[in-house]
């Protein structure tokens, strides 16, 4: 022991012989450190590694220069699979005492076996990966990884704990018990091991014994007995008398009993040797038949699938051919209608040209034909719009709302400023119970005619989800005809009234009232009650 002030060796005195520093407290502290070291050594010898680690840490807390305690702590760490912590303690110990230090030998042994050191490093990395897998919920992957880790580093206590914890989560308590017993063999008093074992015992109702099993064989003392079939020799005075063994003839009952026992043993041999072989042979033949039938069924299934694929391909070919025929027919019809429309247009019959041009599918025409179509369409667009509007109005009052929606939608695409088209289209959607589309058209009326009675009435329909703001004009649950007729009549009256003034122009003191065309048409469901 050296003085902590000047480093001089100390004697029995409480003062340093070199500098006179009072070292009584230092001696007591270092003595306490040595006491903890001795207790830790005792714990390590009985494989109480957790207790040993705790005591050795206390020893180093009182005396960081206690090389023996630090070396022993490294050994205990290494025994629990913590090679990195062990190597750290030995390196610190070597720095404290570079010469005559067994820690140097420990480090050299570990460095010479580079393969083992690499395995230890890999197991630590894999353990960290397993921990990440557990946090992500991949317990099965973690179990496989931990089993490999424990095969490579069977002293890694943390690996046993993590594997046991996964088994506890999966409620596989017997597997967890076996893993924890292996961990207890390395460290008997590890608090985590004992806590997990207590949890296993509570769940299974069985107390885990960590003591090794001791088989007690009840061996009786041999008695000096003479076999019955052996001759007995004894001495009488000066003579040696040899008594021959006695012979007893078996009875008939004993003979029959022996025969019966023999037959029973023979029957058991036949049952346990021949019957299983015969059963195995029958099962093998049955399995071969099952395999043969399975192969046959698989072949037939493959052939059926192939035939089904051929049928599907044929059906697709037929459908494609039919589609091509229909496209060709539609294209021919479109060209014929285009020629008729062109002829009517050239003759000045715009109405007939508009009617025929409606049946032309422009997307089926060639580039040149499309130019002719666009030229005719541009000149008779108004006529076509009026025809579609008239057809839609007729379909509306005929209660053919699907046709009305189709014609009025096309008319709206040509001119979305026509209030009558918008109003009839909105009510067609409403009476056809397509409320979302009705709301969309009513919104266009609000946007197109802001600040007018048309917009106000349309907004009422929008607020009521397109279903109307009164019972009049809506389709009832029974679908009565009178309600729809009343709604159509109201729409007709409102369209005819055209009562809103959308603008006023003052020219030379004269007011010209520019009226709308049917603002009250929205009253098909709400204005009827006014």
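Note that Cβ sites are derived from N, Cα and C of the backbone, with glycine treated the same way.
Model confidence over the repeat 'TPR' (33-66) is summarised by a mean pLDDT of 87. Sequence annotations record features per position, and here TrEMBL assigns repeat 'TPR' to 33-66 (among others).
Packing against the repeat 'TPR' (157-190) from elsewhere in the chain are residues 46-51, 79-81, 123, 127, 130-131, 134, 139, 142-143, 146-147, 149-150, 196-197, 199-200, 203-204, 208, 210: each is 6 or more residues past its ends and has a CB under 8 Å from a CB in it. Per TrEMBL, the feature repeat 'TPR' maps to 157-190 (among others).
The transmembrane segment annotation in TrEMBL covers 252-274.
Summarising the annotation, TrEMBL assigns coiled coil to 297-338.
Positions annotated as repeat 'TPR' by TrEMBL: 419-452 (among others).
Per TrEMBL, the feature region 'Disordered' maps to 462-530.
Feature annotation from TrEMBL assigns compositional bias 'Low complexity' to 476-514.
Listed as Cβ neighbours of the repeat 'TPR' (33-66) (distance under 8 Å, sequence separation of 6 or more from its ends, same chain) are residues 72-73, 75-77, 79-80, 96, 185-191. Long-range Cβ contacts of the coiled coil (297-338) within its own chain (Cβ-Cβ under 8 Å, at least 6 residues beyond either end) map to 356-357, 359-362, 364-365, 369, 372-373, 376.
When the repeat 'TPR' (419-452) is classified with DSSP, helix, strand and coil residues number 27 helix, 0 strand, 7 coil.
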